[in-house]
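Some notes on the structure that comes next.
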Amino acid sequence: MSLALRSELVVDKTKRKKRRELSEEQKQEIKDAFELFDTDKDEAIDYHELKVAMRALGFDVKKADVLKILKDYDREATGKITFEDFNEVVTDWILERDPHEEILKAFKLFDDDDSGKISLRNLRRVARELGENMSDEELRAMIEEFDKDGDGEINQEEFIAIMTGDI
């Protein structure tokens, strides 16, 4: 095996290992979602609880997805899965997400009028939805800080730069 190929494999293995770990915050979100939607507190979640928990974590799950998860992980045929199984499924799904695609989805949540830009109005709506009581002056300052082309709005390229720390 050539030295170049060997070092490429080492780099690839390192990248893969790095990518295969959740942050502590992500781990806590998974635990919180399970506990929140385990409505009967029996330490297992059924079809409906699983579907809602997955959606709360940002997954657009279809009925077939939820049924497959239950089929694959419900070893005792109870119609439920445990936290350990839920954690395994959700961890895999989170690690398979494309970060760039997730950033574009987030941009679309702000850009509800499909203008291709985040305006003061868009930012005000999101702040209000998140329970943030911010003045227009504060919101304008946020836009100005990241508005590299000076048009008074945040375009997709500027948003990606914000989210990836390239600003």
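Note: Cβ is positioned from N, Cα and C throughout, glycine not excepted.
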**phosphoserine according to Swiss-Prot, picked from Ser7, Ser135** = Ser135
**Item:** Beyond the site residues Asp147, Asp149, Asp151, Glu153, Glu158: chain residues whose C-beta lies within 8 Å of the centroid, for Ca(2+)
**Value:** Lys117, Ile143, Phe146, Lys148, Gly150, Gly152, Ile154, Asn155
**Request:** Taking the Cβ of Glu153 (Ca(2+) binding site) as the centre, count every other Cβ atom within 10 Å, in any protein chain shown.
**Result:** 19
**Complete:** CA pair Ser135 (phosphoserine) / Asp151 (Ca(2+) binding site), Å rounded to integer, equals 20
**Message:** Counting other Cβ atoms within 10 Å of each residue's Cβ, which of the binding-site residues Asp147, Asp149 comes out lowest?
**Reply:** Asp149
